[in-house]
Every structure is written in structure tokens, then in C-alpha cells.
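Feature list (source: Swiss-Prot):
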{"type": "SIGNAL", "residues": "1-21", "note": "signal peptide"}
{"type": "REGION", "residues": "50-59", "note": "region 'Plays an important role in the hemolytic activity'"}
{"type": "REGION", "residues": "58-77", "note": "region 'N-terminal region'"}
{"type": "BINDING", "residues": "Ser101, Val134, Ser152, Pro154, Tyr180, Tyr184", "note": "phosphocholine binding site"}
{"type": "REGION", "residues": "152-167", "note": "region 'Trp-rich region, which is important for the binding to lipid membrane'"}
{"type": "SITE", "residues": "Tyr160", "note": "site 'Important in the initial contact with the lipid membrane'"}
Amino acid sequence: MRHFVVFLYMFLALSIPTAFAKKHIVTKKGNHQDITNDNEGENAEKKSAAVAGAVIAGGELALKILTKILDEIGKIDRKIAIGVDNESGLKWTALNTYYKSGASDVTLPYEVENSKALLYTARKSKGPVARGAVGVLAYKMSSGNTLAVMFSVPFDYNLYTNWWNVKIYDGEKKADEKMYNELYNNNNPIKPSIWEKRDLGQDGLKLRGFMTSNGDAKLVIHIEKS
């Protein structure tokens, strides 16, 4: 009897872990075996995809995603989350960002394929400074031209308001103070709180976009074929 009990104990000790392990093997494709405990890994990946400095599917871009990104920046008086959807039929490659004031804690996404959207954030400089989050970012398109996006979240709303703008420049052109001044002062900058539609006049493209009016600003832009 004692030998039987020992045998039964050893049998159970070996078989139970094996039975649990088999539940983790979900599918087998070719020479690759997909192993998972449950859906938590997949859900975590989906949740972490929509972060500043990332590229997501263009169809996923929405104001609620930008709100989530803003929350991750923390309590800063002036900040902005930017989402630009590439439906141009072209590939974009990052050039640079110029800041009139403020900074960013993330890197501008390097490549944005067609039907993808870039996510980016900016904020005022850290510390008790009366500055906003103001600048322009530039992407070279596979057409050879440059897409520029200007954003302005000022510190003093008694004198200024949120503004944004988009322009396509001939050839490759990095963002700088001259580009910023042109988009802010001379190229019909766009006011917040309204959906704007505009022909960009280059590469057969147009824009559709919206910017909120508060200090926790969200800017969503769709660049599309005309």
C-alpha cells in the first residue's frame, strides 16, 4: 500500500505541471510555436502602441488617443499632443523639429508609411517659466518635397490663442525659425476649435484637421489625396 501511495504521488507531481503547460500553447504555424498565458500580453501590446513617438494605423487616430498621451506627460501648464495621419500615398521620413519655445521628451517618429499616423508631444520648458509649446516639425516625403506642421500653444491667453498650420515646401527643407515665422505670420494660420479643410497645392494633397483651444492642446491632422 505504501508503495502504491508513493507511486501515485510521483505520477501526479509529474503530470499536473505538464497539463498546465499545454494550456499555454495556442497555435503552431510552420516552424514557429506561439506561446501565451492568456490575452494579457496582446492587450498590453495594443495599449502601449499609442504612445508619443510611435506610429499607429491611420484609422486609429482620434482625439481620445491624444488625450491619453497628454495624461502621460503629467501636470504641465502648456503641452500638446499631435497626431498626423498619412493618407497621401507617399512615405514620409523625419527631418527635424524647431522650437520657438518649449521642448519634447520624445523623438520624432522617423518613418511614416502611407495609411499610418505619427504621434508626437511637446511641452513648455520645465520650471516656473512663462513660456509655451511652440514650434514646427518637418518631414521629407517620397515625392521629394517637405511637409511642415506648425503648432503654437502660447503661455499668455490674454494676448494669444492656439494656432496651427501646414504647408508643403518644394524640395527638402529642414524646420527653422524662418519656416516657423512664415507659417505663423504669413501663411493663413488656422484657429482652434473648428475643423479646417484646405488644399495644400502640392503633390495633389489636401488637409483636414482640428485643434483644441486650451493649454492641454490636441492637434489631429489628416493629409489626404485631393
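Heads up, the Cβ atoms here are built off N, Cα and C, so glycines get one too.
Features recorded in Swiss-Prot, as mapped to the structure shown.
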residue: Ser101; record: phosphocholine binding site; Cβ within 10 Å: 19
residue: Val134; record: phosphocholine binding site; Cβ within 10 Å: 25
residue: Ser152; record: phosphocholine binding site; Cβ within 10 Å: 27
residue: Pro154; record: phosphocholine binding site; Cβ within 10 Å: 20
residue: Tyr160; record: site 'Important in the initial contact with the lipid membrane'; Cβ within 10 Å: 13
residue: Tyr180; record: phosphocholine binding site; Cβ within 10 Å: 21
residue: Tyr184; record: phosphocholine binding site; Cβ within 10 Å: 18
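The list of residues near the region 'Plays an important role in the hemolytic activity' (50-59) in space but at least 6 beyond its ends in sequence, with Cβ under 8 angstroms from a Cβ of it, reads 65, 68-69, 72-73, 81, 85-87, 105-109, 111-113, 115-121, 222. Counting residues 6+ beyond its ends, the region 'Trp-rich region, which is important for the binding to lipid membrane' (152-167) has Cβ neighbours under 8 Å at 77-80, 100-102, 122, 124, 130-134, 182-184, 187-192, 198, 200, 207, 209, 211-215, 217, 219, 221, 223 in the same chain.
When pLDDT is averaged over the region 'N-terminal region' (58-77), the result is 91. Look at Ser101 (phosphocholine binding site): DSSP puts it in a strand. Nearest to Tyr160 (site 'Important in the initial contact with the lipid membrane') in space, judged by Cα atoms and limited to the binding-site residues Ser101, Ser152, Pro154, Tyr184, is Pro154. Shown in sequence order, Lys100, Gly132, Ala133, Gly135, Met150, Phe151, Val153, Trp163 are the same-chain residues outside Ser101, Val134, Ser152, Pro154, Tyr180, Tyr184 whose Cβ sits within 8 Å of the Cβ centre of the phosphocholine site.
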